[in-house]
Each structure stands twice: as structure tokens, then as C-alpha cells.
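Enquirer: I'd like to ask some things about the structure below.
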DNA sequence: TTATGTGAACCATTTCACAGCC
DNA sequence: GGCTGTGAAATGGTTCACATAA
């Protein structure tokens, strides 16, 4: 089944909201309420949630815990992912310490950098290897996902090198550049500076 | 004139690419080439670029420098923006040191935190104030844009407090939560953990 | 009566196809 | 001949409106 990107994004948001509602002891919610809390139309919420079968009760709403489990099941990965983080700079360290990054779906198994000070030691408790050894370590640790927190200039070469391992399936890049994905590798880019530019552009033009 | 969000995002990308091409000494590019380098269809590139008037030369292509200036003009803000950064944690510091964040379009004028160690001193050379003084400092320094690098739990209260200053126009939030925007304030959220979840979801389902 | 689930209508964005200019 | 600019067609996503079930 194919599911649109905006839908996946909202599913994650529903999940977070439901977790919160669960803690507050809420038992049921309506699409209307979810919409208000997340800034979405109720019809949008219903369409998203009905995408994977009838889960709500007509005339009542959605059972919080049941819906949560349901969405978790949809988002849940087929297995635990091993992740590698390339670039032990401040952004990299920030991510490693980031609370929302703790999950039982994945774990960061290796850090890569070129700084001799860092290579051989640990960063936030995770062993740090030289970037040159990417293919070797990726295979050894069966790492399928990389997070890139490196400058734009070295991003593409890291992608090409890492692809040699053959285990690589996905990349989340924070490098402010467009990367070319090798066959069979899915690349997602989060470009912080682009987001700020977009915000400033709309502040200029739209003057909400 | 209204311009779609995906278009703005691509305009920023064109800009970055053109800068690079300029450094390489390139004089002209075709929509075809731009598309290949950025992973877009040539027709998409042409549509985006023709949005603000005829800028290319038929049978030739786009003059690199001329196109760069043209897009810069579109993206350029009406004035220099003063920005405040709330949350002097690792992510906040990472952003302050982030190269792609240096720009003549804006500058970070104040940092806010609740840690007594930081308040009163400077962070990356920028004075740090207590978060409680947000409205006061925002007015004093005429800050219109805030970047939030704080936990989800305190994000909404910071937004509400900052809105009291009346100068606030836009927010770029890294807090993993949905924020409610006060009237007249544009909120952009970058949710790093959601991006990773999306990537893992597509790795599970699409198996490209 | 209330709130979901969903086909149909609507709107936005992308892609096509070709006319127009260099 | 080559490449842009652009109306028209196609695609993708959101919203509506109402049948349906609790």
C-alpha cells in the first residue's frame, strides 16, 4: 500500500498526541478534538485514520489506547534498525543527546569522524571510527541507516563511500546540499537553513 | 503575488547551486542541467524560474550570475532581521556555530535560557538573557523572529510569553511538538525525530 | 443524536507538449 | 537546432457532504 508523505507525517503527530492524552487519562477522542489540538481539519484526521481500516466507533470517537497501538503498528519497523552517525560535531552530539531521539525502534551503533582526537574514543558513549572505515564498520555492525551531520562539501563523498558497503538503505542528511542517492538508497534531507529562508520569505510576502 | 511553498524551497536550492556554479566559473546553465543536479524535472525548473518574469534566453539557457541575482532579489527580505534564539543547549549552540546560518539577511541578537550559569554571560559571543525577560528584550532589540531549541514541554509557554512583546512575527521551532500560533505569528516547525520516523517508515514500506 | 468512513468535488502542484525566440 | 516560457492535461492531496453505524 502506498501512503502519501504528509499522511505519514501526521500519523507520527497523532502518535505523539495520543501518548500525551494517555498520560492525561483520556479514554476517547473525536477527530474534531484531534484536529483542534493539531491544527488540522476533522475530515483530514478521519481520512488519515481510516486509511488502515476502521478503527473508530461511530457516534463515539476513537479509543485512545487502541488508536495509539494501531498507529504504532503501522509506523513500527519490521526490525530494530542499527544507525550510524557521521560527523561528531556539535550538531551530531546534540542529536545523540536529543531526548526525542531515544527509541526502541533504532539505536546509534557507531559514530564516524575524521578528527584524530575523536577517532578511537567514544562520543556520548558510542565508539567513534574514522570515516574512511565506513564500509568496513557498516558491514561489521550491519548498519542500514546513516545520519549525516557533516558539512555540505564532504557529504556526497561520504554517501558514495558508505554505499560501497552494500548494507546501506537510508540516509537522513542535515548537510545543506542536494545529495545524489545510489540505487536502492532512500535519502531524506533536513535543511535547517532552507527552513529559515522559507520562513523569512513568507514573513516578507504574506505578512499573515 | 502568492507563491507555493515547494517553489520557495526550490528557489533556495537554485540559489545555492548557482553560487557553486559561479565559483566553478560556469557562465550559463540549462534547465535540463539544473534539474539533473538537483533531482528535478527540467519543466519544473523552467516553471519555477519563469514565475517571476522571463530571465532565461531561449536557445541558450540561464546566465548563472544574472539568475543568481534575480533569485536573491526574490528571496531577499525587506530589511535585516533580528533573531532571538531560545534554548542555549547543544542544539542551540550547534545552530549558532552552523556555517549555513551565517547570512547578511539576519543576525542572532540575543540568546535566552533558564540556566543561571548561562544567563548574564554570552553564548557563542551573543548575550544570554533569562527566558522570563523575553518580552522586554524582544522589544528593546526589536526582535521579530525566534528560533526555539527547547524541549517540547516548555515550547508553547515560551511562544505565549514571547507573543506579549507584540514585535514577534515568526518562529522556527525545533521542539518536537505542535505549537499554536498567536494571531499574526507565522510558525514553522522542523521536527528532527519526525523526519527520522518518516525515513524508517518508507524504508519499511516502499523498499525502494 | 452523534461522530465515523468514504466517494465525489475541489484545489494545488507537477508534467506535458508545443509555440516562440535566440 | 536548441532551449525557454506557458497554457493545458495529469496527478496528488484536501475538503465536503452524506450514508452509515453506535
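Each residue, glycine too, has its Cβ placed from N, Cα and C.
Keep in mind that TrEMBL annotations are predicted by a computer and have not been checked by a curator.
Model, not experiment: these values are computed from the prediction.
TrEMBL lists these features:
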type: DNA_BIND; residues: A:13-52; note: DNA-binding region
type: DOMAIN; residues: A:74-178; note: domain 'CoA-binding'
type: BINDING; residues: A:87, A:88, A:89, A:90, A:91, A:92; note: NAD(+) binding site
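I would like each feature placed in context: is it buried or exposed, what are its neighbours, and how far apart are things?
Expert: Mean pLDDT for the DNA-binding region (A:13-52) in the predicted structure: 97.
Per-class residue totals from DSSP over the domain 'CoA-binding' (A:74-178), listed helix then strand then coil: 35 helix, 29 strand, 41 coil.
Around the Cβ of residue A:91 (NAD(+) binding site), 25 further Cβ atoms fall within 10 Å across all displayed protein chains.
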Enquirer: Out of A:87, A:89, A:92, which of the binding-site residues has the smallest number of neighbouring Cβ atoms within 10 Å?
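Expert: Counting other Cβ atoms within 10 Å of each of the binding-site residues A:87, A:89, A:92 gives the minimum at A:89.
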Enquirer: Which ones, out of the binding-site residues A:87, A:88, A:90, A:91, lie near enough to chain B that their C-beta is under 8 angstroms from one of its C-beta atoms?
Expert: A:90, A:91
Enquirer: For the DNA-binding region (A:13-52), find every same-chain residue at least 6 residues outside the stretch whose CB is under 8 Å from a CB in it, and list them.
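Expert: Sequence-distant neighbours of the DNA-binding region (A:13-52): 3, 7, 60-65, 67-68, 70-72, 74-75.
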Enquirer: Fewest other Cβ atoms within 10 Å: which of the binding-site residues A:88, A:90 wins that one? Let me know.
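Expert: Relative to the other binding-site residues in A:88, A:90, A:90 has the fewest Cβ atoms within 10 Å.
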